[in-house]
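Peer 1: Submitted below is the structure of interest, expressed as structure tokens.
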2 protein chains.
Amino acid sequence: MRIVELTEESRKDILENLLKRSPNNYTEFEGRVNAIIEKVRSDRDEAVFSYTKQFDGADINASNVLVTEEEIKEAYEQVDQTLLEVIRKALVNIRKYHEKQRQQSWFTSEDGIILGQKVTALEKVGVYVPGGKAVYPSSVLMNVLPAKVAGVDRIIMCTPPGKDGKVYASTLVAAKEAGVDEIYKVGGAQAIAAMAFGTESIPKVDKIVGPGNIYVALAKKAVFGYVSIDSIAGPSEILVLADETANPRYVAADLLSQAEHDEMASAILITTSEELAKKVSDEIDGFVEELSRKEIIQKSLDNYGYILVASDLDEAIDAVNEIASEHMEIVTKDPFHVMTKIRNAGAIFIGEYSSEPLGDYFAGPNHVLPTNGTAKFFSALSVDDFIKKSSIISYSRDALEPVYKDIVKFAECEKLTAHANSIKVRFEK
Amino acid sequence: MRIVELTEESRKDILENLLKRSPNNYTEFEGRVNAIIEKVRSDRDEAVFSYTKQFDGADINASNVLVTEEEIKEAYEQVDQTLLEVIRKALVNIRKYHEKQRQQSWFTSEDGIILGQKVTALEKVGVYVPGGKAVYPSSVLMNVLPAKVAGVDRIIMCTPPGKDGKVYASTLVAAKEAGVDEIYKVGGAQAIAAMAFGTESIPKVDKIVGPGNIYVALAKKAVFGYVSIDSIAGPSEILVLADETANPRYVAADLLSQAEHDEMASAILITTSEELAKKVSDEIDGFVEELSRKEIIQKSLDNYGYILVASDLDEAIDAVNEIASEHMEIVTKDPFHVMTKIRNAGAIFIGEYSSEPLGDYFAGPNHVLPTNGTAKFFSALSVDDFIKKSSIISYSRDALEPVYKDIVKFAECEKLTAHANSIKVRFEK
């Protein structure tokens, strides 16, 4: 793995290289995606089923688009029983963590004035689950459980069928365990459009979440505003901040755990120790040979993998905050104090036993995290994503009277006389 | 004002009519907006200044784009001193309300496991303030103060200059009072692009908020993902839910206060009392004649104004939740109990002295609210918009050991062997 000195210039080059991976750059597919959306919006079910035939090769229609209880029962029989046990253990941890995120309605009251915020769960949410190359039941849990904990009334799921019209058993089992209400055998941009506008078979939802390929990502961006969406996910990332106290074998293994996701994934070590840099590089060479996804890993490391050597910890931390990685590990002396200086990261893993995959599957925090530097302004998927807040405002006559002239004045300065009138009318003789 | 019986069908027609106003429908301007964005992204300052010449007729360059202390001083001299006093009073209320929205970092700790969320303010925020037809210092306060309360380091503002290269005095004064750090004389899609990508003169920000015309709205949607944005605002709306106890004169005045905003604004009364319906309609006719923005009001009422008569309160409340209005007033018996059944509304004004303009200017809650039915999934602008949360995960060796095999199992089921490896390596002999 390449070892680079951390300088103003190398930092700039690396940031530019990383941002190339943004789904925002794939505007060449926008035309095709918009055409699919328009077609689904006008022809509804007919368009959805026709695209499903075209893209997934499956014969889906109004009578078989909804996964049946029978199919779910079959899935439970097919699924690896040990996996089912692990899913159930993970589910307990994920639910427990997300329950801590619940927000309360609140109000203040003084002298005839009540102000506050009323928290309400969204009514209908759609979760997209990709089919294709890899099946990730963990992703089902992470997308569904925050909505469930928030108190969403109805959670539907769309996922593409195979040619045989079936959905993966582990997806169905994870969905059922997490509490999905209905599962539809539809994928791609057509699924996003169906959930955004509704069809005869598929209900319109208030928010769409879940990962997907570039078509799904662009479709989500296109329907944003008609419905809400989670943030648009790019390829996965890990950034390890380590000093000379770190175990190079652990650091190497953790970097590889993200590199294996995808050729566009990024794995970066920033260290103050040149010795550690070399050892990690050697360990990586050793591991890569043994791993099943060797080719993906090699490409990802070549494209977006870096070992950066910083002259001191402050410089290293500056770079960490600039890169704003999806996953970030702190493997240094005093890691909790270092954490206080980390401003931008999706998830922060602290200490040498807090390996990133612990968070992917098990610990409880959500693995749907902001990528591509968006940790500067986005957060992990959470219960917050499935609630909204209504402002509460109530004044008594006695409370309004002493201030009503100020409000009238303000309205008149903005030349909004009907605004002024609505206050004045209440105090007319 | 038209009086319509509330039925399944009339509800459907009205909803369809209201949704026509969505900024999502103006895709015909997308090409022009995208061209402006691309030009600013590549040519930076040069493009920004050239568009400012073209669209605003002002000669702006690197030496005068930033509003000077001198210009702010002048603005303080020019501005209506009573307005300044009112701005200062409103500011106290707005700040106090938003301070209640602050969220804390939190963690749980048990047996070697620390989990939590670290709350961090965004670093740089850009506020857009429109020029043109109307000047709204209240809008400056509402957009800037939540960012300020959240603890954002640097708040910049962009607003279009007049032909003389000047910005409105009341905008400058409100910006200064609210705590804006820098003000740039740039407007339109070019301002949004400049804040999203940065130019020589204008810094790249993490999030862009603030209202604007259709070009601004589409530009914000286009840069979403590169930066965060607030929700895309459509025309203003009020929905009054009233029974026979309501004062028709107050209800009429409140409906008009939103109708005056814009020809696309919507004012709706839903009532269980046919008598009230008629009286409100009469009062409206009386008021309209006296109001300065009469023509706008008349068009807005003709296009998007309705008085709906419901057969009972439950039916009325269902329609309220379906329409999901930006502003909603409850003027009924037991208005607080009625509030408990309101699921979708940007802001809820309770009782007959809680007139909507009270919230626009003064009470404290934010007047930047979700429009066009998006109150089903979006909230008022708040401190939440200017923070993000990083997940915190830390396991000790003792905590990881009893569960590590479960995590390995889960990773192996998802065929991610490097994930499994990163856990296993910590327990190898």
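The backbone N, Cα and C atoms fix where each Cβ goes, glycine too.
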Peer 1: According to TrEMBL, A:Gln258, A:His261, A:His327, A:Asp360, A:Glu414, A:His419 bind substrate; which one of A:Ser236, A:Ser390, A:Ser391 is annotated to that same site?
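Peer 2: As annotated by TrEMBL, A:Gln258, A:His261, A:His327, A:Asp360, A:Glu414, A:His419 share the substrate site with A:Ser236, chosen from A:Ser236, A:Ser390, A:Ser391.
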Peer 1: Whole-number answer please: how many Å between the C-alpha atoms of A:Gln258 (substrate binding site) and A:His327 (active site, proton acceptor)?
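Peer 2: Their Cα atoms are separated by 9 Å.
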Peer 1: Other Cβ atoms within 10 Å is the metric here; tell me which of the binding-site residues A:Gln190, A:Asn213, A:Ser236 scores highest.
Peer 2: A:Gln190
Peer 1: Using the recorded NAD(+) site (A:Tyr128, A:Gln190, A:Asn213) as reference, state which further residues of the same chain have their Cβ within 8 Å of the centre of those residues' Cβ atoms, listed in sequence order.
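Peer 2: For the NAD(+) site, the extra neighbours are A:Pro130, A:Cys158, A:Pro160, A:Gly187, A:Gly188, A:Ala189, A:Ala191, A:Ile192, A:Gly212, A:Tyr215, A:Val216, A:Ala219.
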Peer 1: Nearest to A:Glu326 (active site, proton acceptor) in three-dimensional space, by Cα, is which of the binding-site residues A:Tyr128, A:Asn213, A:Ser236, A:His261, A:Glu414?
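Peer 2: Closest candidate to A:Glu326 (active site, proton acceptor), judged by Cα separation, is A:Ser236.
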Peer 1: Of A:Tyr128, A:Gln190, A:Asn213, A:Glu326, A:His327, listed here as recorded positions, which sit with their C-beta under 8 angstroms from a C-beta of chain B?
Peer 2: none
Peer 1: Which ones, of the recorded positions A:Tyr128, A:Asn213, A:His327, have a Cα no more than 10 Å from the Cα of A:Ser236 (substrate binding site)?
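Peer 2: Neighbours among recorded positions, in sequence order: A:His327.
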Peer 1: What whole-number distance in angstrom separates the two most remote CA atoms of the NAD(+)-binding residues A:Tyr128, A:Gln190, A:Asn213?
Peer 2: 13
